[in-house]
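Asks: Summarising the annotation, TrEMBL assigns domain 'Plastocyanin-like' to 87-188. Residues annotated as Cu cation binding site in TrEMBL: 124, 129, 163, 164, 175, 180, 366.
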């Protein structure tokens, strides 16, 4: 068991770190003259015949007897922390990157409303790739102080990007690459298929034969969204770097290296001052919702990952140590049992897989430049780390049964939760989504969005971990 002194040392190491940031003014600059000229003339706005004026109309008779799903968004510019310190000038849907995930069932009506607050320095639009409506005027610029609503039927299942359309296309690159993107998940009307994983076995005669293992269509679900960031030293958009394909960072769900170990995991590993991964840039609990977090899953469970590539560069999706058991795009299975799958810009897929062996697995964009600029995500399957298991048992108390939570869930998420922004909304259909045992507050987002996650029950680890250590020390002192 850990002594009071050991707990105190851990606590001191953990609480001694700090995070400071300067909130600099947003300046959305570009030195590409052609873009400025397009912007100055009002963008590439086409005047459509009156016959198209009702595109995206929400009063269509087609929508009768269908479920209507409201999807309100706010287009707003804020400053957010950047890798290495300081901030960058972010453009967001609803104060978070990526924007909120929409989840509907095939055949539902989506009613999207985009509001641009007074004082926002630029108009914004919203191009939803799941829609089949005339782009003009549906995705046109919404001026500050106004709102626009349009509707469409989500006819085709799959994962779909949505993104800001700029000011009638002008500066669309800047708006998207500074954060205005998200996904819509359209569940198939008949649900998802069972997962068949092909292995081998030795039969009673000593022959090696195929062993087809069947897993329920119900799955533990994740969302992974890739993009590039092109930033100047002062955190504004660098269009020159974008056109030259010189990436500053590669973001996963809006944050480079957002899903790697942190100082809490160092603590549980028994060495609070020693990192356990090569890159831990978001280490401190002082970072609150920006502290990096790991993804935890039990072994033997069907995992379903919704993946979207929002950026300019290809994504070579690979999980180190695993085979991708099934790849689906739209409503068609594209592959089974493959190592890597290529996604172009604005392309998506659903990855199904089962982690058979407890351990550590790195989900990467297998482009080395992308890996080392942020596209590394760590999965921990099962309970594979003896030191962490012992530490969890040592700090467990009746009030905070840390080890019981992990063992009960067959994954460390039972104690620490999984990051809120890596979990899509649960499906409204039965037999689709396995609920995570707990969520922790995590996002590239404003404090208000983080507070909303906590209000929904997500754990603020920067509050919970000190409380656990304090209670553990008290119990040890009394014992």
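Heads up, the Cβ atoms here are built off N, Cα and C, so glycines get one too.
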Asks: Under a three-state reading of DSSP, tell me whether residue 366 (Cu cation binding site) is helix, strand or coil.
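Replies: Reduced to three states, the DSSP call for residue 366 (Cu cation binding site) is coil.
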Asks: Mind checking which of 164, 180 has the fewest other CB atoms within 10 A of its CB? They're the binding-site residues.
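Replies: Comparing Cβ neighbour counts within 10 Å for the binding-site residues 164, 180 gives 180.
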Asks: Using DSSP, break the domain 'Plastocyanin-like' (87-188) down into helix, strand and coil residues and give each count.
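Replies: Helix (H, G, I), strand (E, B), coil: 10 helix, 48 strand, 44 coil.
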Asks: Out of 163, 366, which of the binding-site residues is least crowded by other Cβ atoms within 10 Å?
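Replies: It is 366 that, of the binding-site residues 163, 366, has the fewest other Cβ atoms within 10 Å.
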Asks: Just going by other Cβ atoms within 10 Å, which of the binding-site residues 124, 129, 175 has the emptiest spot?
Replies: 129
Asks: Calculate the per-residue pLDDT averaged over the domain 'Plastocyanin-like' (87-188) and state the result as an integer.
Replies: 97
